[in-house]
Amino acid sequence: MILLKFTAVVLLAVCSEAVTRPGVAPLIELNDGKTIPSLGLGTWLGFTKSGDRVPVNDDSVQKAVELAIDAGYRHIDTAAVYSTEEQVGAAIKKKIEEGAVARGDLFVTSKLWNNNHAKSAVVPALKESLARLGLEYLDLYLIHWPIAQTEHSAYADIDYVETWQGMMDAQAAGLAKSIGVSNFNVTQLDRLISMSKVKPAALQIEVNLNLQQTELLNFCKAQNIAVIGYTPFGSLFHGKAAADAPPPRSDDQALLKIADRHHKTVAQINLRYLIELGVIPIPKSVTKKRIEANIEVFDFQLNQQERDVLKSFDKNYRTIAVTQWKDSPYYPFNK
Ligand SMILES: NC(=O)c1ccc[n+]([C@@H]2O[C@H](COP(=O)([O-])OP(=O)(O)OC[C@H]3O[C@@H](n4cnc5c(N)ncnc54)[C@H](OP(=O)(O)O)[C@@H]3O)[C@@H](O)[C@H]2O)c1
Ligand SMILES: *[C@@H]1O[C@H](CO)[C@@H](O)[C@H](O)[C@H]1NC(C)=O
């Protein structure tokens, strides 16, 4: 028995560093020397069927963050525009008071909204996020979109290179340990890097089975920029999938077969695949069972044949296309 156990440990150590205890997301090193947990909890409540933001009018996000921390999550993703920063902060405060976790063990991300892209507006906006979160610093602050807008949603003529100067100020002031961007394409990222003294530590983009982002992943790998994958489930669940969304859904026979082989769910297979692509997924759930299951993806590995099946669903299909912004000179996606 002892020998068997020993052999299993050695085998694990030899076969892959990525396979660890369930419920614990291994840390990944960023290009600025900090570390980020390789899976996090999303806290955006999403859009209603008519395209508006789901109103935040209960404490479901606070409950979700508390459950997540209890389940082993150490990485939480929020944004000024989600209206969930207060709840994320309340949950963190409660868990620290309970002694369940220390601030230094948590990785908290928030994002700068489009109406604060002026260089001088960045630090004040970050301070407002920190006040809502009840935190002294963020682990990661992201420019949410490359598109600048006014308070009234008109386009503002502000280059994201200028906005990045404000992000560098925030980092220098110790208000954000790491800084990065979200929803930038390769051209924009390349331009930002060539024109700035500090390289983004992370890029947050949509990555899921229908949108596997090979070009951006390769670019970020070469540049040593961590890729955080949002909307990691894409159109996997019937309730969320648009009528025109390509397969698969969670009852897909090929996916169910892979899931059965590993004694996992299709959702877990989906997340594991993204992790093996080198992506840091941030699945959102406010449901206890799902929150717990979504981090149980570090105790198994897919094989090449299984990865080939998952690769076949890559259709360059985007769930968050923000086509209302397609006339902006900074619109990042194909028009
Ligand atoms: N940077 C950006 O522009 C950007 C854009 C979009 C999202 N994000 C971030 O990324 C996070 C994740 O993306 P997302 O919220 O769009 O989508 P998602 O995480 O792909 O999907 C969330 C949906 O999946 C359901 N779900 C979660 N786990 C499940 C499971 N194991 N089985 C069945 N259903 C499950 C959730 O339901 P329940 O909650 O009801 O359990 C919810 O309806 C966001 O919350 C946000 O933090 C960033
Ligand atoms: C990135 O976005 C810019 C600004 O909209 C656009 O000009 C460029 O063609 C885009 N590049 C790619 C690779 O999509």
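Each Cβ is built from the backbone N, Cα and C atoms, and glycine gets one as well.
Residues or ranges marked as signal peptide by TrEMBL: 1-18.
Residues or ranges marked as domain 'NADP-dependent oxidoreductase' by TrEMBL: 39-313.
Classification of TYR82 (active site, proton donor) by DSSP places it within a helix. Residues annotated as active site, proton donor in TrEMBL: TYR82.
According to TrEMBL, the site 'Lowers pKa of active site Tyr' annotation covers LYS111. Counting only same-chain residues at least 6 apart in sequence, those with a Cβ under 8 Å from the Cβ of LYS111 (site 'Lowers pKa of active site Tyr') are THR78, ALA79, ALA80, VAL81, TYR141, LEU142, ILE143, HIS144, SER182.
Around HIS144 (substrate binding site), a 10 Å sphere centred on its CB holds 21 further CB atoms from the protein chains shown. According to TrEMBL, the feature substrate binding site maps to HIS144.
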Nonlocal neighbours by CB distance (under 8 Å) for TYR82 (active site, proton donor), same chain, sequence gap 6 or more: THR43, TRP44, LEU45, VAL56
